[in-house]
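Worksheet: one structure, shown below.
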């Protein structure tokens, strides 16, 4: 038989078994085949190896977050012999972000669990289970191992990553079984958090949904909700702890109240699990050739299957991404909802115009020139020796503001346009509405006017895509309002402002501003937006230039109203009320013509505000 015919025979065998060579034979074994045999003999041996097992599918450790390279297998929800369907929860996987469910995508039966519960540091792509289509095939996998071995000595194992939202800890003999609660990532840009207040105390029984603590993020103060049943055994980080890195253990949960007392003197530094001499109980996986290939950045892109689960299909539709833009990790190349979420979080942009969430994306990377400019910015060296000062602790919000606004000033080439607008008609409109029992502020009229202007000049409702090196339009007009709080500036969003009435905008702004000052905004209420308005007119500021809020392309700075002498149409001298506004715009997305069109559209609406009532 010719080599080409053997190649075709091998292809048939591989397709019929849905098998992955790299996950069945370790690299040394394949190399040994090729060293000891010629091409035909090698193919014969491989075909015989495949033909010894019924048709089956290898389930590998999935990639459940954009930065995940390995995971911990916390718990299996199935066992060998169980029948499974699409959507069945197979296992709980602890990633570098959180503990997530591993959902099944195929119908069949669990033939073999390759890695037991509590196995740590499993490389993405490593086989963890085998699925067969027929129950009668299960027995053939009783001794199947897929070439997975445990580390021969504890010294070759790697400690469990601490960068997880919820981590099931190693259970050394000195401590009962417990779960470590870590500082969660409550916003896309959060790196550290402050524990404002604990809502529970040691010994408290907790259930899923209970609020454990209030965490101050880089955006707001948010609730940290519990996900498990149990008891608080130890609060590791007390209320008032500041700059706690995401992933740091903040508390310990146990399943049994009798175990609480064992953690009375527990600390992360004294924990036997943290000791370098403590031998971990979990098996440590030696990554197979397939796992190494899966985690390698040079690995070729996996071709996705045509099949999609409902959750993945919905996420693709909402995000505007195509299947080709998502790397599948499900069996047989199926795209899971985690794959789509990972692509979105990684900043993958849709091929067609969609409504991105600017502030919900990771920080923009400044171009090389901007990075060089940032490096050249002189850094403050502190006060002159001998001077006195008060050291005021900085909030997370102010820290992130400092970082992002520096990025904006260094990376964005800004243009500034200043224009005076008459306010007499706007003031008359406010008085007329007040007589009807409708109270609106001048700022409400400004928001409605700029939102309508953006709808009339849609090319100005845009952002600059640094990767594509082009301006892209938003699908909706979502205007951010700069609100000063005790902890820093925050920009809640009036969504769809061009389609809302003045009365509704006024109501939304009052509600958002109140909850912003009380740190009660939800993440979706301050992450996003297509344009920002900053108004210092009530502070008596005549005019100013605001810094662009990246990745938005423009911000409108509003000054106070002033009486100015004018020549009236009758030819006599008189006075009118004016307001000065300044548009700061990203010159990569805006040019002078577009910026002028936007300001003129705004001016026309402010000076004839009856159009805003239509």
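Including glycine, each Cβ sits where the backbone N, Cα and C put it.
As annotated by TrEMBL, compositional bias 'Low complexity' applies to 152-162.
The annotation compositional bias 'Polar residues' is assigned in TrEMBL to 163-186.
Across the domain 'Lipoyl-binding' (56-132), DSSP helix (H, G, I), strand (E, B) and coil residues number 0 helix, 42 strand, 35 coil. Summarising the annotation, TrEMBL assigns domain 'Lipoyl-binding' to 56-132 (among others).
The domain 'Lipoyl-binding' annotation in TrEMBL covers 178-254 (among others). Remark: secondary structure over the domain 'Lipoyl-binding' (178-254) totals 0 helix, 39 strand, 38 coil, with classes taken from DSSP.
The feature domain 'Peripheral subunit-binding (PSBD)' is assigned by TrEMBL to 307-344. In the predicted model, residues of the domain 'Peripheral subunit-binding (PSBD)' (307-344) average a pLDDT of 73.
According to TrEMBL, the region 'Disordered' annotation covers 152-186.
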